[in-house]
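Undergrad: Sharing the features that TrEMBL gives for it:
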DOMAIN    B:1-333  domain 'Cation/H+ exchanger transmembrane'
TRANSMEM  B:12-35  transmembrane segment
TRANSMEM  B:47-68  transmembrane segment
TRANSMEM  B:80-101  transmembrane segment
TRANSMEM  B:122-147  transmembrane segment
TRANSMEM  B:159-188  transmembrane segment
TRANSMEM  B:241-259  transmembrane segment
TRANSMEM  B:279-297  transmembrane segment
TRANSMEM  B:309-331  transmembrane segment
REGION    B:538-568  region 'Disordered'
COMPBIAS  B:538-547  compositional bias 'Basic residues'
REGION    B:709-741  region 'Disordered'
COMPBIAS  B:731-741  compositional bias 'Polar residues'
Amino acid sequence: MGSRSSHAAVIPDVDTIRRETGFSQASLLRLHHRFRALDRDKKGYLSRMDLQQIGALAVNPLGDCIIDSFFPSRSQRLDFSGFVRVLAHFRPVEEESPGIRDPKQPEPLNSRMNKLRFAFQLYDLDGDGLISRQEMLQVLRLMVGVQVTEEQLESIADRTVQEADEDGDGAVSFLEFTKSLEKMNIEQKMSIRILK
Amino acid sequence: MPSRLFFDNLGAILTYAVVGTLWNAFTTGTALWGLQQAGFVAPRVQAGLLDFLLFGSLISAVDPVAVLAVFEEVHVNETLFIIVFGESLLNDAVTVVLYKVCNSFVEMGSANVQATDYLKGVASLFVVSLGGAAVGLVFAFLLALTTRFTKRVRIIEPLLVFLIAYAAYLTAEMASLSAILAVTMCGLGCKKYVEANISHKSRTAVKYTMKTLASCAETVIFMLLGISAVDSSKWAWDSGLVLGTLFFILFFRAIGVVLQTWMLNQFRLVPLDKIDQVVMSYGGLRGAVAFALVILLDRTKVPAKDYFVATTIVVVFFTVIVQGLTIKPLVKWLKVKRSEHHKPTLNQELHEHTFDHILAAVEDVVGHHGYHYWRDRWEQFDKKYLSQLLMRRSAYRIRDQIWDVYYRLNIRDAISFVDQGGHILSSAGLTLPSMPSRNSAAETSVTNLLRESGSGACLDLQVIDTVRSGRDREDAVMHHLLCGGLYKPRRRYKASCSRHFISEDAQERQDKEVFQQNMKRRLESFKSTKHNICFTKSKPRLRKTGRKKDGVANTEATNGKPPRDLGFQDTAAVILTMESEEEEESDSSETEKEDDEGIIFVARATSEVLQEGKVSGSLEVCPSPRIIPPSPTCAEKELPWKSGQGDLAVYVSSETTKIVPVDMQTGWNQSMSSLESLASPPCTQAPTLTCLPLHPLGAEEPQAPLHLPSDPRPSFAFPPSLAKAGRSHSESSADIPQQQELQPLMGHKDHTHLSPRTANSHWCIQFNRSGRL
């Protein structure tokens, strides 16, 4: 389109990103395209405002949480590699035989553990590694309909934490979180096919 | 049938159903013809290519009955099950079309078939399948809409479900469309709404009757099959044909499955592995449909009919008996992933929702309109339009999946707790509403309520409706147990709007709301504490703050009518007079909510009970100004036993009934004793005809007769229930218990005797006479 070319060379650090995230060339190009489309002011990075412009996110109960999760550790800028890194969590898991992968290499971003970790971070708002009852309550509040009272919400939050909490500290650690979801097909529930 | 799974895998199911069946039909037919050409089939079988194609089309259809019967035994994982089962359902359209097309070709004679006929055949495939689905959806809509209004005639709900579903079948048959597709779509389409609308008992009735009928039908079909097999005049044996058919159907099905799976795996998120494919190809059982189709062949047009019949019988027997029996060991041997029966946990439900939202959001960020986007859009549309139209208001308002799961878990816990001999009374240390103040075993109230459904003697239509109150009480009980802590005053609003709760407002309004919610969350929680304080302080203020509508209730609160601290009858009377002018239905709901408020403040237990039920009710009053619920529905969705009152309101058309209790609460506020007695009545509910706590009314009795004038005359102007209740109140307490039993509709005895009293303006006058006014 005009003088703009979506050539891979335009993407900075394309090789590092590819290695880290495992995206294919075509997917990276597409994401880069989208990144530039979202970056209205052509700043080269995304701010929260840019993401909030996406209309559909505004009516998503977890929209704000998602936006926050894109921005790591309170920084206000999101560059392309950060953008892609978060999206890499949603890549479908490839069926690979476990023996082949180099154990020394870090787990790919779209592994089950990392997907769960992403979800965990969404719940764990203060980042202390534990989902307290308050945090659970907050997320519940976002997602549950208006017709459920505060009372009931609190009971639900209590019960949820109770179910998952094994060591009785009243909060859900990452391991407990993983355990409570072991029956769920995370690979399917947290993958987007288009990001293959 | 799990509809979510069905739609998630719809692509695969459709592929197997359409492409797979076509492939099977053509390859089997051609192969058999080839076999005949090669001479393995005796020449006495006079069949040409078209005949064999016809035969191939009817023999290649996987039968849903057989599949269901076998797979239910085997318990493979859900994806596999839904794919095979879905395929067997949807291939009916293809089979029927193929069969008809081939049949008509055969009748016309192969020489006369032209190219346009093939095209017409293909077109008819679409017409038949889509038409059948459309018929099903129309009837689904009809059924959902009808069940919305069956509140007073609960007894015919199961009948409605059966009849309309069967009507869908018949209509499709009549129009030569795919009847199985019609019935499937009818069920899939209406399930959600009908489940929400019909009563619990009707649901059970439908479920078990359907299972019974299905079992009977299956048995009959296979008996017919067996009998026909013995009747040798109907068939003629040819070994080559039989053996060839057996071999080919297995062989070509396996190849077909492999090819299609390979193609599908390019697109699927979770690919189907080899073992799944083996099970899928081995699980392709033929059944009664094939047999019915072959019997229908016209012997004059298809001279080989008898041979076909024999072959079909053998094939059906073989697949059902041999394959059906051996599939279980095969599954075990291959270590197929089995379905896991895990207890549903709240965590999973909650996290599933979270993931759905996350995925939709990420799809939005990526800018891709994927499956989740469309699913979201569909859910939005459904919540906005369809659910409002098709679901009963009460069900619509309290519907929330996470809450449902929690609710059910609570009930389960309560039941298991009591079954283990726990004494609710002693353990919680609270005067639970379910417990009358005399000593009764914990089980009487709890388990009796649970088992009330067993007391089938009650044929009263209204009683059936109040089942929920028992559960609500359990819920209240469990709430106490689980929370284990102090009762917190209820806050009147909800902090946030979920995306899916869309009232009659425009989308923009809600968008703005969500936006604001996101920003203002902290502020609101702050406000909530302030609200609570307000509540605890004074009721009138409560009324004021609560009311967003310009209801009469407000006026009554602020009007300087005789203060509520007077005897409740007076206030009731006052309100009554006031209210009788009101035709504003919302008032009743308001007052009822206020009623809730009052009850909440009065006693923990009671308020708990009432509060639990009146979820939506109070919420309706929450700060979101736009919500103006029509009162009967509010009344309904409040405590189940109050739904009786909702009906009352409808009869009487003056919501005074609701108001009374509120005032009563204020009365209670003053005196602990009346508080106690009044606390118990709320728990009594209609269904507990068996054990109604007699005392609650008894306790009130001293107060009531004091204030009430003795004549119950006006009550007769009322519907009998009201009248009786009224009468009961004015009469001696001896009558009360009896009245209670007679008034299943008036679940809350308390309200029972109050509401009829107050419901009538005549009453009001009499109350006035008592002088406090």
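Indices start at 1 and increase along the chain as displayed.
Placement of Cβ uses the backbone N, Cα and C atoms for every residue, glycine included.
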Undergrad: When you scan the chain for residues with a C-beta under 8 Å from the transmembrane segment (B:122-147), skipping those not six or more beyond its ends, what do you find?
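TA: For the transmembrane segment (B:122-147), the list is 90, 93-94, 96-98, 100-101, 157, 160-161, 164-165, 167-168, 171-172, 175-190, 193-194, 197-198, 389-392.
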Undergrad: Near the transmembrane segment (B:279-297), which same-chain residues lie under 8 Å Cβ to Cβ, leaving out any that are not at least 6 residues past its ends?
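TA: Here the qualifying positions are 16, 54-55, 58-59, 61-67, 70-71, 76, 80, 83-84, 92, 95, 99, 103, 221-222, 224-225, 228, 249-250, 253-254, 256-258, 261, 272, 305, 308-309, 312-313, 315-316, 319-320, 323-324, 327, 330-331, 334, 336.
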Undergrad: So, taking each listed stretch (B:12-35, B:80-101, B:241-259) in turn and counting its Cβ pairs to the transmembrane segment (B:159-188) that are under 8 angstroms, which one gives the highest count?
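TA: Looking only at B:12-35, B:80-101, B:241-259, the most contacts with the transmembrane segment (B:159-188) come from B:80-101.
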Undergrad: Given a Cβ distance threshold of under 8 angstroms, which distant residues of the chain, six or more beyond its ends, lie next to the transmembrane segment (B:80-101)?
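TA: For the transmembrane segment (B:80-101), the far contacts come to 1-2, 5-6, 9-10, 12-14, 16-18, 20-22, 25, 54, 57-58, 60-64, 67-68, 71, 117, 121, 124-125, 128-129, 132, 176, 178-181, 184, 272, 276, 279-280, 283-284, 289, 293, 336-337, 339.
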